[in-house]
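S.K.: One structure, pasted below without further comment.
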Amino acid sequence: MGRPLTFSGFLKNDKRACYFTTPSGSYFLISISFRATMSSELTAEDLYHYSPNKGVAIFFTAAYAFSAALHELQYRTSKPQKFTIPLTLGAIFSAIGFLQRSLLASDKGNVKSLYTISTMFILGAGPTYAGADYFICGRLFSFVPSAAPMSPIRVVRTFIVFDVLAEVCVWAGAGLLAGADTDTAARFKVGLNLVRVAMIIQVTLFAVFVAVLTLFHVRVREVRAKWSVTSDGGTGRRFMTVVYSLYTSSVFIIIRSAYHIAETFVPEGHSFRTAEHPFLICEALVMLLNTAMFNIFHPGHILPIDSRVYVGRDGQERANEAIEGAFNDSRPLLQKILDPLDFKGLFVRDKRKLYDPQEELEMYTNSTQGLVRR
C-alpha cells in the first residue's frame, strides 16, 4: 500500500495548481485545473487565472461600440474613404470580444465558447488596427507622392500581406489556446507559439513601418521648405496631423504586442498572467485610446475626399486621373507571380519612375499646348 498523501494547499497566485506532501516531507505539484477536476463546471477563473471584472468589461464593450458607430458615421460622411474601413472593423472586433468577456464575468452562457470568442476577437483586433495604419499610410503617400519613399501600392501590399499572416496566426493560435484542455499540452503549446509568432511579426512590422514613416516625414520637411517660397505656402491641408497620428498609433500597437509577447513567455503563476490590470492597461485601454484618437483626428476628414487629388512639387493641390493608378500593379504577369511584393521595385529603382503623377500631368499639359500651337 502506498504512502498516504496530505493535501497542503494551492500554489501561490494560481488556484489551478495544488500540491501534496508525504510523511517524508516530499512535495508533489499537480498542475491541473483543480476546480474543474473536482467539479464538472468550468469557470472564468479557471481560464483567465483571475476573475474578470464585470463592470470594466461592460464599460469597454460600450466604449468600443460607440467608437465603432462613430467610425462608421465618419466613414459615410467622408464620401466614403475606403481606407478607413479597418478602423470600424477593429472597434467592432474589440466590442464583440469584451461583450463575451462581460458575459463570462456574469456567468452567462457556455464558458468555453464565450472564452474562445472573446480571445479570438480581442487578439484579432490588433492586426486589424495595424491594417488601418497601413492603408492610411498608403493614402498619405498617394497624396504627397514627391515625399513618398515607396509607392502606395507597395506600402499596402508589403505590410498588409504580413499583417494578414499575423492575423491568421492570432486567430488560429487563440482558437487552439481557448480550446485546449488540461490533457492536450501539445495543442496548447502550438497555439501559444502561433500567438508568439503573430505578436513578433507585428512588432517587427511596426518597427519597419515607423522607419518608413520617419523617412517620409524627413522628405516632407524638405519638400515643404520649397513650398514656403510659393505665394500661399503650399497646401493648407493639415496632413501632418495624420503622420503624427500614425506615429502615436504605432507606439500603442507596439506596447500592446510587447505585452502579449511577455505574457506568453512568463511562467504560468506570474502576476502578469494572474492579475487583470496588465491586460486592462496594455490591451483594453491602449487600444481604446488608439481607436478614439482616430475618431478625433479622422484621416478621412483631413485628406481629400477625391482620391485623385494630390500635392504637386509646388505644394499646390491638383487632380489627375493617373493618381487612381497608384494602387494598381502594371508589371508583367510573370513578374507579379515571381515577385508578388515587388522587392525589385523597392530596392532597384528604375530610371523611369512608375509612380509620379506630377510628371504625367506635365507631359499631358505640354502635349496639349503643342496641339494648341499647331
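The count begins at 1 with the first shown residue.
A Cβ is built for glycine as well, from the same backbone N, Cα and C atoms used for every other residue.
As the structure is a computational prediction, the values presented were derived from the model and not from experiment.
Sharing the features that TrEMBL gives for it:
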type: TRANSMEM; residues: 56-73; note: transmembrane segment
type: TRANSMEM; residues: 85-103; note: transmembrane segment
type: TRANSMEM; residues: 115-137; note: transmembrane segment
type: TRANSMEM; residues: 158-177; note: transmembrane segment
type: TRANSMEM; residues: 197-218; note: transmembrane segment
type: TRANSMEM; residues: 239-258; note: transmembrane segment
type: TRANSMEM; residues: 278-297; note: transmembrane segment
S.K.: May I ask whether the transmembrane segment (197-218) has at least three C-beta pairs under 8 Å with the transmembrane segment (278-297), counting pairs 6 or more apart in sequence?
M.R.: no
S.K.: Short question: which residues 6 or more past the ends of the transmembrane segment (197-218) have a Cβ under 8 Å from it?
M.R.: 123, 126-127, 130, 133-134, 137, 140-141, 144, 147-150, 155, 159, 162-163, 165-167, 169-170, 173, 243, 246-247, 250, 253-254, 257-258, 260-261, 264
S.K.: In terms of Cβ proximity under 8 Å, which residues at least six beyond the ends of the transmembrane segment (239-258) contact it?
M.R.: 126, 129-130, 133, 136-137, 140, 143-144, 199-200, 202-203, 206-207, 209-210, 213, 216-217, 220, 282-283, 286-287, 289-290, 293-294, 297, 299, 302-303
